[in-house]
Structures are given as C-alpha cells and as structure tokens.
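Residues or ranges marked as domain '2-C-methyl-D-erythritol 2,4-cyclodiphosphate synthase' by TrEMBL: 4-157. Look at TrEMBL and you will find 11, 13, 45 tagged as divalent metal cation binding site. Annotation comment: TrEMBL describes 11, 12, 13, 37, 38, 59, 60, 61, 135, 136, 137, 138, 142, 145 as 4-CDP-2-C-methyl-D-erythritol 2-phosphate binding site. The site 'Transition state stabilizer' annotation in TrEMBL covers 37, 136.
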Ligand SMILES: Nc1ccn([C@@H]2O[C@H](COP(=O)(O)O)[C@@H](O)[C@H]2O)c(=O)n1
Ligand SMILES: C[C@@]1(CO)OP(=O)(O)OP(=O)(O)OC[C@H]1O
C-alpha cells in the first residue's frame with residue numbers, strides 16, 4: 001500500500017433562528033443559527049467526510065446517523081476526533097488539511113487563527129498543517145442570498 005491517501009468532503013447547512021454558529025469548533029456570534037441535528041459545524045463535517053473518504057469508510061451520516069438521538073446537538077469535534085482515531089487505527093495520520101468556507105456572512109477571517117488551533121489540536125498536527133479559507137459567492141446562489149453556509153475540505157493522510 002502506498003504511503004499517502006487523499007480525501008475530500010463537502011457540507012451545507014441552512015441558516016435558521018439563532019444567535020451564533022459553530023465553525024471549526026469555534027462559536028461565532030451571528031444573527032442567524034444553523035438548522036442541523038448536531039451543532040451544524042459545516043467545516044468539521046466536511047473535514048470528517050474528507051477523512052472518511054481518504055479511508056474509503058463511507059460518510060459522516062453512516063457513522064453518526066441523524067436519526068440517532070446521541071448526536072442531537074452534539075459537539076462536532078467528537079466526530080472529528082473519532083475520524084482521526086479511525087485513521088490512526090489503520091496506520092494513518094493527517095499530513096495536512098485545507099478547508100474552504102463559503103458564505104456571505106459571518107466573516108471567517110477574524111476567526112481563522114482560533115479555528116486552525118482547534119482543528120490542529122483535534123487532528124494531532126501542528127497549526128501550519130491546517131488551512132482555513134473563506135469566500136463569498138458574490139451574492140449568487142443560496143449562499144449569496146444568505147440562506148445557508150457551505151464548506152469543502154481536502155485532507156492528506158500519510159503513513
Ligand atoms: N465569509 C467570508 C467570506 C470572505 N472572507 C474574506 O473576504 C475575502 C474576499 O471574499 P470574496 O468572496 O469577495 O473573494 C476572502 O478572500 C476572505 O479572505 C471572509 O473572511 N469570510
Ligand atoms: C452530523 C450529523 C449527525 O447526526 O447531522 P447534522 O448535524 O444534521 O449534519 P450533516 O452534515 O447533515 O451530517 C449528518 C450527521 O452525521
């Protein structure tokens with residue numbers, strides 16, 4: 001078996017009532033919340049799917065079914081640490097990860113440092129192995145209309 005694996009993930013949640021969102025494990029004050037079974041952390045959900053993809057182990061909904069009451073309002077960091085443990089059990093560790101968040105608001109840039117710190121801790125890597133970026137869609141589409149937030153992630157696993 002070769003010494004590297006790559007995976008990618010994508011997640012979307014609709015905005016709903018609330019006064020904050022959780023992104024990359026960090027609580028960010030906002031005039032909307034997200035509609036989700038868990039805490040609705042799109043960055044971590046995309047990262048989990050990237051990890052599970054690299055491992056060819058299905059997707060987040062198969063490991064943490066939205067029909068399971070255990071995951072109601074769950075802290076998504078639990079999911080991320082579980083996916084990293086699944087990788088470790090198979091001899092893999094995270095090489096680096098790159099996440100793009102897609103929304104008009106909130107601004108992600110001011111929180112990037114805290115998010116990278118949080119994700120790096122959960123993945124057992126240095127902060128310089130974790131990238132978080134953000135983009136608007138120039139007011140186009142569902143993110144552009146402020147209806148929801150999306151994230152995509154790419155992860156490299158190494159032996
Ligand atoms: N939710 C967001 C969206 C964007 N940013 C930062 O603003 C820059 C410009 O965004 P464009 O969509 O106009 O390219 C972007 O490069 C990010 O640095 C952000 O922090 N949060
Ligand atoms: C995270 C889980 C947990 O039940 O539910 P949601 O918070 O709704 O998030 P989603 O991105 O739809 O992934 C599915 C589930 O695994």
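One-based numbering along the chain as shown.
Each Cβ is built from the backbone N, Cα and C atoms, and glycine gets one as well.
Everything TrEMBL records as a feature, shown here on the structure.
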residue : record                                                 : CB count, 10 Å
11      : divalent metal cation binding site                     : 23
13      : divalent metal cation binding site                     : 21
37      : site 'Transition state stabilizer'                     : 17
38      : 4-CDP-2-C-methyl-D-erythritol 2-phosphate binding site : 21
45      : divalent metal cation binding site                     : 27
60      : 4-CDP-2-C-methyl-D-erythritol 2-phosphate binding site : 25
135     : 4-CDP-2-C-methyl-D-erythritol 2-phosphate binding site : 13
136     : site 'Transition state stabilizer'                     : 13
137     : 4-CDP-2-C-methyl-D-erythritol 2-phosphate binding site : 14
142     : 4-CDP-2-C-methyl-D-erythritol 2-phosphate binding site : 16
**Prompt:** Which are the residues of the chain, 11, 13, 45 excluded, whose CB is within 8 A of where the CB atoms of the divalent metal cation site average out, their centroid?
**Reply:** 12, 36, 40, 41, 42, 43, 44, 46, 149, 150, 151
**In sequence order, those recorded positions of 45, 135, 136, 142 whose CB lies under 6 Å from ligand 2** = 45
**Message:** I need the nearest neighbour of residue 13 (divalent metal cation binding site) among the recorded positions 37, 135, 136, using C-alpha distances.
**Reply:** 37
**Message:** For the C-alpha pair, I'd like the distance in angstrom between residue 137 (4-CDP-2-C-methyl-D-erythritol 2-phosphate binding site) and residue 11 (divalent metal cation binding site), rounded off.
**Reply:** 16
**Asked** Given the model, what does the mean pLDDT over the domain '2-C-methyl-D-erythritol 2,4-cyclodiphosphate synthase' (4-157) come out as?
**Response** 98
**Asked** Within the set 38, 135, 137, which binding-site residues show a CB-to-ligand 1 distance under 6 A?
**Response** 135
**Prompt:** Which of these recorded positions is closest to residue 38 (4-CDP-2-C-methyl-D-erythritol 2-phosphate binding site) if you go by CA atoms: 11, 45, 136?
**Reply:** 45
**Fill in**
Expressed in Å to no decimal places, the gap between the Cα atoms of residue 142 (4-CDP-2-C-methyl-D-erythritol 2-phosphate binding site) and residue 136 (site 'Transition state stabilizer') is 11
**Request:** Out of 60, 135, 136, point to the one nearest residue 45 (divalent metal cation binding site) in space (Cα versus Cα); all of them are recorded positions in the record.
**Result:** 60
**Request:** Determine, using Cα-Cα distances only, which of these recorded positions is closest to residue 60 (4-CDP-2-C-methyl-D-erythritol 2-phosphate binding site): 11, 37, 136.
**Result:** 11
